[in-house]
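S.K.: This structure is in structure tokens; I'll ask about it shortly.
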Amino acid sequence: MPELTTAPGLLALVGLAAYLLGAIPFGLLIAKLFGLGNLREIGSGNIGATNVLRTGSKPAAAATLILDAGKGAFAVILARVLVGEDAAQIAGAAAFLGHCFPVYLKFNGGKGVATFFGTVIALSWPLGLAAGAIWLATAYTFRISSLSALMAALMTPIFAWGFGQRELVVLSLFLGFLIWIRHRENIIRLLSGTEPRIGAKKR
């Protein structure tokens, strides 16, 4: 973490605002807008872009991906411009937590992968690109979204350390740990060989 130079009260307000932004369930809203039905009753029941893709609508999945990543990036950039770097990291973490545990959905949200990428790339674009490269390489090789996310989450703090961005190591460890926790059912399916591949419709 960077040195905390901002007043704690202001950091708390930044965190609350970022959390409420991150908690917006864009996947659910887009699925309804596209007439795809209740996303909670489709595929895995998750509200993220991967599950939206299982409806067969690539435009809806792309829109969900962009908006879920965008809320993390927007929270970071706005906090950085208005307050400072310490607030930017708080905002990124809070937006991620909002997506995973949204107050609007009784704290039952998504797995945070897109918001993770949006947050990381806004905090450090080289780190975000490196994490994205790991996701793409794993997805290309194995065609499994969850495995790609897990590998990217695992490697991001290692990249942060290697790039000399020590102030991002703790945050990326925290976010990566939560991604692994949120993917615990996927990990079980990966170990049993039953995890669906990208584009597969899970019924």
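Here, residue 1 is simply the first one shown, and the rest follow in order.
Keep in mind that glycine also has a Cβ here, set from the backbone N, Cα and C atoms.
The feature transmembrane segment is assigned by Swiss-Prot to 10-30, 59-79, 87-107, 116-136, 168-188.
Structural setting of the listed features?
M.R.: When Cβ-Cβ distances below 8 Å are used as the criterion, the transmembrane segment (10-30) is approached by residues 4, 38-40, 46-49, 51-52, 60, 63-64, 67-68, 71-72, 74-75, 79, 83, 86-87, 90-99, 101-105, 109-110, 115 of the same chain, each at least six residues removed from its ends.
Beyond the ends of the transmembrane segment (59-79), by six or more residues, the same chain brings 14, 17-18, 21-22, 24, 26-27, 30-31, 33-34, 36, 48-50, 52-53, 87-92, 94-96, 98-99, 110, 114-119, 121-123 to within a C-beta distance below 8 angstroms of the stretch.
Within the same chain, residues 1-2, 6, 10-11, 14-25, 28, 47, 68, 71-72, 75-80, 115-116, 118-120, 122-123, 167-168, 171, 174-175, 178, 182 sit at least 6 positions outside the transmembrane segment (87-107) and bring their C-beta atoms closer than 8 Å to a C-beta of that stretch.
Beyond its flanks by at least six residues, the transmembrane segment (168-188) meets 1, 89, 92-93, 96-97, 100, 110-113, 116, 119-120, 123-124, 127, 146, 149-150, 153-154, 156-157, 160-161, 195 of its own chain at Cβ-Cβ distances under 8 Å.
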